[in-house]
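Chemist: Okay, these came from Swiss-Prot:
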type	residues	note
ACT_SITE	Glu132	active site, proton acceptor
ACT_SITE	Cys391	active site, S-methylcysteine intermediate
BINDING	Cys152, Cys156, Cys159	[4Fe-4S] cluster binding site
BINDING	Gly217, Glu218, Ser249, Ser271, Leu272, His273, Asn348	S-adenosyl-L-methionine binding site
DISULFID	Cys145-Cys391	disulfide bond
DOMAIN	138-388	domain 'Radical SAM core'
Amino acid sequence: MATPSLDSARAADAAIEKAPDLLPEALPGRRPSLVGLTRDALKAQLIGMGVPERESRMRAGQVWHWVNFRGASDFAEMTNVGKALKAQLAEHFTLERPEVASRQVSRDGTRKWLLRMAPTNRQEHNRGAEIECVYIPGPDRGTLCVSSQVGCTLTCSFCHTGTQRLVRNLSAAEIVQQLVTARDELGDWPGQMPSRDAGGSGEVGRLVTNIVFMGMGEPLYNLDAVVDAVGVMSDQEGLGLSRRRITVSTSGVVPQIPRLGEQANAMLAISLHAVRDDLRDELVPLNRKYPIAELLAACRAYPGLSNARRITFEYVMLKGVNDSDADARELVRLLKGIPAKINLIPFNPWPGSRYECSDWDRIERFSEIVFNAGYASPVRTPRGRDILAACGQLKSETEKLRARARLMQEEGIGVESFYAGADD
């Protein structure tokens, strides 16, 4: 396999260093949404609106219940809130969710939503940034894969999202709104009729039982928002998910790993994908900054690590690249002493990717070596491949359209009609 050029390596390193603190700001004159706010932020908004501070905790608790437990989409639904206060709330705020710009359902039942966030500046032609969110139904759980950034800086060579430039971080509210929108789409609120064929099963009848931060972006480059979002999602008087059912996946931003454990108390997943630094430098350029030894040292010190709170190591199976018996044995050696599970991920192809998925018998042999060494080594069943919703395939539809338009321009093909029909 070709080694990346010096220029591309430098570009990747520059992208890693960037990690910009880009957060959305509401357009002037636009009423903010209360959906997804933390308790403290909600209380502050009500006080700012004029609710007396001595009443603010009670009023915030009422609104919290309707927004995060009942899934209210209109202030009129809040039956235990006085008429005057409801009118005041409606004057100052909304209960808007992101716009669902498109819906796709895979043959296997996986659902992918393209979500358009509220516009944050006029340079975006009044179209908010777009992210993808995926729901994966299973026999004993329903997993929602959420995004933490619009695009990504990391340029991992096997990942489609890495080909989309970073636009900005998502706010904590925008991360939570992905769960709220999924529950809207699935009919997953108390008293609602679940969407037909939504699949899933689990505690208190919820369709969405698990959250994985494995969508667009590197969560630990937006850790403040991720910590707040986990807090809102796991509040037992609201959205009610267990923190043990919330997993945050990182490519290895080593300095932030302890804080994730201390403040979010979420389960940790590591996108490892290689057992040698030279190969991981190519697959996951962040490795040049935080090599494997440093990453695994941080894993061994992860707060709360135990056999009951294992770290998941994700390992994408690339034909002829990282799938040999020797790779499997070295993986076992590296992880010695870390309570861990190794998820083997068949590579999911995407347009323009230069890798192939390992043959199935090679994946099974790799799994057998790891399993015989005492580690659970499930092979992740590819879900949603036909709608580009599988691991490593996410990239917002608008970005795909722009890329296609650039190609058309380079080839001398007019793009005016192309963009005109993009929203049809």
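Backbone N, Cα and C atoms are what each Cβ position is placed from, and that goes for glycine too.
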Chemist: Considering only the recorded positions Glu132, Cys145, Cys152, Cys156, Cys159, which residue has the minimal Cα-Cα separation from Ser249 (S-adenosyl-L-methionine binding site)?
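Modeler: For Ser249 (S-adenosyl-L-methionine binding site), the spatially nearest of the recorded positions is Cys145.
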Chemist: Could you state the whole-number distance in Å separating the C-alpha atoms of His273 (S-adenosyl-L-methionine binding site) and Cys156 ([4Fe-4S] cluster binding site)?
Modeler: 10
Chemist: Taking the Cα atoms as reference points, how far is Cys156 ([4Fe-4S] cluster binding site) from the residue listed as 'active site, proton acceptor' in Å?
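Modeler: Distance between the two Cα atoms comes out at 18 Å.
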Chemist: According to DSSP, does Cys145 (disulfide bond) sit in a helix, a strand, or coil?
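Modeler: Reduced to three states, the DSSP call for Cys145 (disulfide bond) is strand.
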Chemist: DSSP on Gly217 (S-adenosyl-L-methionine binding site), three-state: which is it?
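Modeler: The three-state answer is coil.
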Chemist: For Ser271 (S-adenosyl-L-methionine binding site), just count the other CB atoms lying within 10 A of its CB, please.
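Modeler: The answer is 25.
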